[in-house]
Structure formats: C-alpha cells, structure tokens
Amino acid sequence: MSDVELVLRSTRVITPEGTRPAAVAVAAGKITAVLPHDAEVPAGARLEDLGDDVLLPGLVDTHVHVNDPGRTHWEGFWTATRAAAAGGITTLVDMPLNSLPPTTTVGNLRTKRDVAADKAHIDVGFWGGALPDNVKDLRPLHDAGVFGFKAFLSPSGVDEFPELDQERLARSMAEIAGFGGLLIVHAEDPHHLAAAPQRGGPRYTDFLASRPRDAEDTAIANLLAQAKRLNARVHVLHLSSSDALPLIAGAKAEGVRVTVETCPHYLTLTAEEVPDGASEFKCCPPIREAANQDLLWQALADGTIDCVVTDHSPSTADLKTDDFATAWGGISGLQLSLPAIWTEARRRGHSLEDVVRWMSARTARLVGLAQKGAIEAGRDADFAVLAPDETFTVDPAALQHRNRVTAYAGKTLSGVVKSTWLRGERIMADGEFTEPKGRLLSREP
C-alpha cells in the first residue's frame, strides 16, 4: 500500500457487493483496494473524507450526440463533456450523426478524434454509423476502435445519415455479426410513421399521434427476427413504447442477443404534462403517457430493459419552434440525468444501487469497458460524489451544455453532484472545472 496516493472515505460507498462504509485507495489512476472505513491512511497519501455523501462509480453514458465537428453551434466536446462532468458522468460514447462529417469511415473517425483530443473533460469513445452504402467501411471502423454501429430504420432528420431498409439492414447486420460487432438501432418503422396522421402545429397530442407505438413495435419485431436469424448482437436504442416489452422479453428468453436502453425523459416526464407548443419536450420516439411510463419502470426492475442513457441531442434554441412537426427533436440531459432518475427511482422504491447498475455497470458492460462501471480493485478511479437528499430547482442558466434549453426547467430534483473524479483526479467540484483531462477511448479487443 506504500504507493497509494489518494484515499476517498465515505460512510456510503456503492460497490458491486452493496453499499457500505469504506475507504477507497487510489494509485496511478486506478483503484487499488476497497478498505474498511476506519483503515489507516498510508503514509504520503491524501485523504478526502466525504462524510455521508455517497461515493459511486462514475456514470457511463453510451448515447450522446456531441455534434462536433460541423454543428458546434448545437454542441461540442468542450461543452458536452463539462455538462457530463457536472452530472457525475465520467465516460460518454458519441453518436456518429449530427456531426459533419458523420462517423461512417475511418477518415471521418480520425477527423472527429482530432477535434475531440484537447477538449474532453471526461473520457470519450465513438460509435460508427451503418449507412446504405458503407458496408465496406464497417470492418475497418471496427478495427479502428469504434464500439459498434448505429443504424436508423426511419429518416434520421439529417440528410447525411440515411436510414436502412430491411434488405440493407440484413446486409449490414450480417457484416457486423461476421466480425463480432454490435449493431445499435433507432427502431421506428417508416411505413407506420407514413401512415400516421401528420397534422403539425403546437398540440402535443397531435405530435404523439404522429409517432405511434406500433411504429416502434413493428421495427423492433423485425429487428429481433433478423438478429435471431443471423445470431447477431443488437441493441435497441431509446425504447419508448411499453407495448414492445413482451416481444423483447420473449426474444431474450429464446436466446436472442439483444439489449435495450431507455432514457431519463421517458422515465421522468409524461405526455400529460407537456404544454402545447413546448418543443423542448420533443424527441423521437416521443415521451408517452404515464401508464406507459409505469411499465417501463417495471421492465427496468425485471431486467427486460438493461440500462438508462441520456440520448443527449441538443440544438440551437431557434430550432425549438412551437410547431412539433418542424421543431428539432432532441432533449439535452447530460447534466441532469442522475438527479432526474434518482428523484423518480427513489419515489418508486428503488435504491441508488439500482441507479448505478442501470447507468454505470450495465452501460460499461454494453460497450466492453472492463475498466469502468464499478468501485473495485483494478478499475479506473472514476467517481461521482452525490448528496442524495439535497434538492435543487433546475435553472437553465446553471447548465453547462451549449444551448441551455431543457425540459426540466423549474423542476425540483433530488441528488446534488458535489464532485466528479476521473482516474483519481477531481475534475469538477461544486460547479468548478479543471482543464480537460479526458482520454479518447477505443473498443477493447
């Protein structure tokens, strides 16, 4: 223990074995031991006594749109990673679209990595994209270290990232399965969307009718059938429709290699509360009714849904018009995801251990980051320090993402992130940040 540089002591440390008083020893950016709370601090080590604040593993958010380069007026690595650090997130994986260029070739990946290199306050990895015409690029991107490949089954909203039809989905899936990769999918069926009423305007009920549950359900059913046929590993992005849960549970029981995520906005906001014209609540698939939300929480509890991620997808404020048909669809959630989920999870009888499992352990496992997602010896010393009983009212002016539009404005949330640590260095404390210390991550072989 003579090489220990730092000891973080708390009466509540969340480990894979549960929550207990402990002292966490850190050396060279790694956790070296989880010791009894009253363990003697090694000579030369610095002690950080956190009192009763909870020490939890840094969160791993595998669904973030940073939009850099190309649409940095929407977001960027500097602002997105500061917002993440403010929310206790220590690792994010950036989506391949909304940046220019999209991450669909090795050259484009290199461009994005070059841009991110000196701007990342936390660790950053990258997804690749699966397009109708880039099957030849998938294996090279895999070899270059992307964590998997995103595909849309309906229009993405940006011209440079077209969707896959069923034939091209099968072709891309077969290619990715052939080298053991992961395909992650925005699952809404374009035919059901085209058949739905498209009234436009400010009424949220009209927007909700334009993105029906059966669009998700059909797309997911088709995805699961293809995955079963090809023995492919697939991941359903941002599940909103609870009607798809029996399909997913059945596929898992049959051994289909599928994982599923949902998002804080689906778990904490409801269609009934969305004011007309309030497009800060717009996302696709949409926020649905309270009864639907109850079923999503049940699915999290029973394991049908694996994890919770933000789908942070910002834009400039002028794109959030009062017409739901034309307003940009995306919710910015990096900074508020932990308190938003904790507030609702606690109300429903869940523990912080559950939240850590959904937002850190399982997300790290999804992308194969064996050094992340838990407080145990050998892992990266990435932590969030949370005061779970403290409350705050969301003030958009206090948010760190570039365009301070939020669906949570004025809401009172529980859980204040006091500090965030990356490889044993405190990168955020009480809203103050160090210079960027994040690294760019590649898929571990």
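Note: Cβ is positioned from N, Cα and C throughout, glycine not excepted.
Per Swiss-Prot, the feature Zn(2+) 1 binding site maps to H63, H65, K150, D311; the stated evidence is sequence analysis. The number of other Cβ atoms within 10 Å of the Cβ belonging to H63 (Zn(2+) 1 binding site), over all protein chains shown, comes to 26.
Counting only same-chain residues six or more apart in sequence, the Cβ atoms lying under 8 angstroms from the Cβ of H238 (Zn(2+) 2 binding site) belong to H63, H186, E261, T262, C263, Y266, C283, P285, V309, D311. Under the DSSP three-state reduction, H238 (Zn(2+) 2 binding site) is assigned to coil, being neither helix nor strand. According to Swiss-Prot, the feature Zn(2+) 2 binding site maps to K150, H186, H238.
Annotated N6-carboxylysine per Swiss-Prot: K150, in sequence order, evidence recorded as sequence analysis. The secondary structure of K150 (Zn(2+) 1 binding site), as reduced to three states from DSSP, is extended strand.
For the recorded Zn(2+) 1 site, residues H63, H65, K150, D311 set the reference point as the centre of their Cβ atoms, and the other residues of that chain within 8 Å of it by Cβ are V64, M95, W127, L237, H238, V309, H312, S313. In this view, the densest Cβ surroundings among the binding-site residues K150, H186 belong to K150, judged by other Cβ atoms lying within 10 Å. Its Cβ taken as reference, D311 (Zn(2+) 1 binding site) is surrounded by 26 other Cβ atoms within 10 Å in the chains shown.
Its own atom aside, the Cβ of H65 (Zn(2+) 1 binding site) has 23 Cβ atoms within 10 angstroms in the protein chains shown.
Apart from the site residues K150, H186, H238, the chain places the Cβ of H63, M95, A151, F152, I184, V185, A187, L237, D311 no farther than 8 Å from the centroid of the site's Cβ atoms, the recorded Zn(2+) 2 location.
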